[in-house]
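Structure first, commentary second.
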Amino acid sequence: MAASPVIGSFVAADYAVFALMLLVSAAIGVYYAIVGRGQSSSREFLMGGQSMTAVPVALSLTASFMSAITVLATPAEVYRYGASYGLFSLSYVLVVVVSSEVFLPVFYRLGITSTYEYLEIRFNRATRLLGTVMFIVQTILYTGIVIYAPALALNQVTGMDLWGAVISTGVVCTFYCAMGGLKAVVWTDVFQVGIMVAGFLSVIIRAVVLQGGVSNILNHAEFGGRLNFWDFDASPLRRHTFWTITFGGTFVWTSIYGINQAQVQRYISCKSMTHAKMSLYINLLGLWVILLCSVFAGLCLYSVYKHCDPWTAGMVSAPDQLMPYMVMDILRDYPGLPGLFVAAAYSGTLSTVSSSVNALAAVTIEDLIKPYTHMSEKNLSWTSKGLSECIISIGVFAFTTELRELYSSISIFGIIGGPLLGLFSLGILCPYANATGGLAGLLSGLVMSLWVGIGAQFYPPLPEQSRPLGLTTHGCNFTTAADAFNWTASPTEPVKTNVQLEIPFLADNWYSLSYLYFSPIGTLTTLAVGLVVSLLSGTLSQMVVLLLTILHVVSN
C-alpha cells in the first residue's frame, strides 16, 4: 500500500469517542470524591489509605509510564530501527525482580509517603532536599513532553485542535486527581489500560486484514531487516542492540520502578507487602502486552509503507506522526476508530500525568512543606489537592515548546533518574556509605549524565553511528521531490558532508552514546564516587571493619 497524499480527518464520531474517554475518566474522580469524603488526612488522600489490592495497582503501574509516547513513538522506533526494541521484555523481568526484592521491602517497612524521606533517614536533610528537587525537575519536564508532544503530533496529522487537546487533557486529569486522590488515579489507570490496548488492536487488526495476514507482515519485516532481535554488536554508539536494551534499559526502568515516587507510591499503597510484590509481578504481564502491541504496530507500519515512506516523502514532518498518519489512512472509512486510537494515545497521557501529579503533590507536601510548617492534617489535605490543580499547568507551559522529541522522555529519566538510582542503591546496598559520600556521589553522577545528555542534544549521533534501517519512496504514486531518495545510511551521502563542520572530538564517541546508556553512566558514577568518598571521609575503625570483612569473604 502506498502512502496517500490526502488522508481523512476527524469526524463527529471520532470526537464523540474521545470525549467519552475523558468523561468516564472524570466520572471515576467524582465517584471516589463522593465515596472518599472521609479522606481527611493528606496521607490517606495521597496513599489511598494503604488499602489497595494487587490487580488494580498492577494495571496502574503498567499505565503510569506507558504514555502516549509508547503509543506513538515506539511503533515509529520499530519502523526506523527494527523490532529489537522488543528486547525490553527481558529488561522488564530484571527490573521487576530488582524492584520487588531490593527496593520495595525497604520503602514498605519504613511506612513513608515520600521516597525521599528515606534519604534523610539514611544520609541527611541536604541529600533529601537535593533528591527532591531533582525529582521535581525531572517530573515537570517529563509531564510537559507527555502532554504537549503527542498533542502536536496528532494535531498535525488528524487536524485535532492542539491547545484544545492539551487543555482538555490537563483539566480532566487535574479534576480527578484533585477530587479522588490516589484511588481515583489507580482506577482511572485501569480503565485507560483497556482503552490503550483497544486502540492498538483496532489498528493492528485493520493492518493485518489489508496486508493479507500476520505471516505477510512478518515476511515484509524480515525482508526489510526489521526482525533484528539478536544484534549483539557491542558498540555503545548503536542506538538499539541486545546490550544497549538489556543493560541500559534495565538501569532506565529500574530508576522508574525501583525509586520513582510515582511507582513507589502505588505499590506501597497496597494493604500488605505480599500484595505489593504481587502487583509488580502482575504488572510485568501488562508491560509485555503493551510492548507486544506497540512493536507489532511498528511492523504493521513498515508493512503498509515499505515502498512509500510518508516521512521521507514529506507527508509527515516527524517520525512520531507516522502512527497517526497510518490510522487516518487505513481507518478513514470507519468513523469512530480513529477516535478510539486517539483516545488510546490520550489515555496513556492521562495515566502518566495523573501519576506524576499525584507523586509531585506527595513529594511537595512531605519534603518541602510538612518539615518546615505546622499545618493541620486537614489543611495539608487541602494543600495537596490544590497542588494537584497547579502542577500540570507548570509542566505544560514552562518547558514543552522546546522539548518536542519523544525520545527525550527516556533521556530525562537517564540523566536525572540515573544518579538518583545510584544514590538509593548506595544507601541500601552499602552499609558504610555516609552522607558526605552520598552527596558527593549524587553531584558527580548528575554532572556526568548532564555532560553526555546535553552534549547529545547539541551533537546528535550521525546515522552511521545509530544506523537507521533503509526506507524508500520508489513505490509512491504521487510526485514529490523525495521520490528517488533512499534513507539507507551511507558514508558517501552528500547530506552528511554538511554536518561534518567544526565538531569537538567528543561528538563522535562520548556524545554519540546510545541514549539508553545515560542512566548507567549516572548510576555507576554515583556509586563509585560515593563509595570512594565514604571510605576517605569515614573513620579509621570503619575502614578496618571493611578490610576485615573483605578478607573474611576472600578467605571463604
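Backbone N, Cα and C atoms are what each Cβ position is placed from, and that goes for glycine too.
Among the features that TrEMBL reports, transmembrane segment is placed at 15-34 (among others).
Taken from TrEMBL, the feature transmembrane segment covers 54-73 (among others).
The transmembrane segment annotation in TrEMBL covers 85-108 (among others).
Sequence annotations record features per position, and here TrEMBL assigns transmembrane segment to 129-150 (among others).
The annotation transmembrane segment is assigned in TrEMBL to 162-178 (among others).
If you look up TrEMBL, you'll see 190-209 (among others) marked as transmembrane segment.
TrEMBL lists 240-259 (among others) with the feature transmembrane segment.
Within its own chain, the transmembrane segment (280-305) has Cβ neighbours under 8 Å at 1-3, 54-55, 57-59, 61-63, 66, 70-71, 74-79, 83, 85-86, 88-89, 92-93, 96, 99-100, 104, 193, 196-197, 200-201, 203-204, 207-208, 210-211, 216-218, 220-221, 224, 226, 257, 267, 322-323, 326, 329-330, counting only residues six or more beyond its boundaries. If you look up TrEMBL, you'll see 280-305 (among others) marked as transmembrane segment.
Distant neighbours of the transmembrane segment (410-432): 102-103, 106, 115, 118-119, 122-123, 127, 131, 134-135, 137-138, 141-142, 145, 251-252, 254-256, 258-260, 438, 441-442, 445-446, 449-450, 453, 456, 515-527, 530-531, 534-535, 538, 542, 545-546; these residues of the same chain sit at least 6 beyond its ends, with a Cβ under 8 Å from one of its Cβ atoms. Look at TrEMBL and you will find 410-432 (among others) tagged as transmembrane segment.
Look at TrEMBL and you will find 439-459 (among others) tagged as transmembrane segment.
Through the fold, the transmembrane segment (521-554) approaches residues 251, 255, 414-419, 421-423, 425-426, 430, 432-434, 436-438, 440-442, 444-446, 448-449, 452, 513 of its own chain, all at least 6 residues removed from its boundaries and within a Cβ separation under 8 Å. Annotation comment: TrEMBL describes 521-554 (among others) as transmembrane segment.
By the Cβ criterion (under 8 Å, sequence separation of 6 or more), the transmembrane segment (15-34) is not in contact with the transmembrane segment (85-108), since fewer than 3 such pairs are found.
Long-range contacts of the transmembrane segment (54-73) within its own chain (CB-CB distance under 8 A, at least 6 residues past either end) are made by residues 145-146, 149-150, 153, 185-187, 189-190, 192-193, 196, 199-200, 256-257, 262-263, 266-267, 269-270, 275-276, 278-283, 285-287, 290, 294, 319-320, 323-324, 341, 344-349, 351-352, 355, 406-407, 409. Ranked by number of Cβ pairs under 8 Å to the transmembrane segment (240-259), the listed stretches 85-108, 162-178, 439-459 are led by 85-108.
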